[in-house]
Amino acid sequence: MPMTIAVIAHDEKKALLAEWAHRNAAALVPHRLIGTATTGAMIRKACPELHLETVKSGPLGGDLQIGAMIAEGAIDLMIFFPDPLTSMPHDVDVKALLRIALVYDVPCAFNQATADLIVGSGLLDRHLTETTDA
Ligand SMILES: O=C(CO)COP(=O)(O)O
């Protein structure tokens with residue numbers, strides 16, 4: 001089955017995430033991506049072939065929408081490149097997203113190195129061969 005993968009980045013890291021998605025487009029294309037609005041728009045521009053839907057922008061509730069999807073069991077993997085050097089008006093939402101991802105044990109990558117390890121592990125490809133009733 002395809003995975004549902006949340007893709008989120010703060011402004012300073014958006015180009016990095018778009019570049020990562022472009023570099024890993026072949027592995028990502030069979031899966032469903034859910035991005036916060038601005039991150040999603042940048043990824044869509046870099047890789048139009050990806051199946052990407054968007055929620056609201058992070059500061060307008062997008063992090064919380066993705067958090068709610070995590071609570072519902074609808075997110076299999078989260079790739080989130082946060083900016084650790086800039087204060088955010090929606091810091092509490094970012095914290096809530098991280099907390100709920102930990103509560104539900106969602107596999108997460110917070111930088112390019114870890115995102116590469118996850119793709120390199122074959123997790124995305126393995127998931128495709130799994131069936132719902134397996
Ligand atoms: O703010 C974000 C994550 O906290 C991301 O939101 P945008 O992708 O809309 O910038």
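Glycine is no exception: its Cβ is also placed from the backbone N, Cα and C atoms.
Over in TrEMBL, the protein carries these features:
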{"type": "ACT_SITE", "residues": "Asp63", "note": "active site, proton donor/acceptor"}
{"type": "BINDING", "residues": "His10, Lys14, Ser57, Gly58, His90", "note": "substrate binding site"}
{"type": "DOMAIN", "residues": "1-134", "note": "domain 'MGS-like'"}
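Locations of recorded TrEMBL features on the structure.
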{"residue": "His10", "record": "substrate binding site", "CB count, 10 Å": "20"}
{"residue": "Lys14", "record": "substrate binding site", "CB count, 10 Å": "20"}
{"residue": "Ser57", "record": "substrate binding site", "CB count, 10 Å": "16"}
{"residue": "Gly58", "record": "substrate binding site", "CB count, 10 Å": "27"}
{"residue": "Asp63", "record": "active site, proton donor/acceptor", "CB count, 10 Å": "27"}
{"residue": "His90", "record": "substrate binding site", "CB count, 10 Å": "17"}
Request  = Whole number in angstrom, please: the longest C-alpha to C-alpha distance across His10, Lys14, Ser57, Gly58, His90 for substrate.
outcome  = 17
Ask   = Where does the mean pLDDT land for the domain 'MGS-like' (1-134)?
value = 96
Chain-mates of His10, Lys14, Ser57, Gly58, His90 with C-beta within 8 Å of site centroid, substrate = Ile8, Ala9, Asp11, Thr36, Thr38, Thr39, Pro59, Gly62, Asp63, Met88
Ask   = How far is it from His10 (substrate binding site) to Asp63 (active site, proton donor/acceptor), counting Cα to Cα, in Å?
value = 11
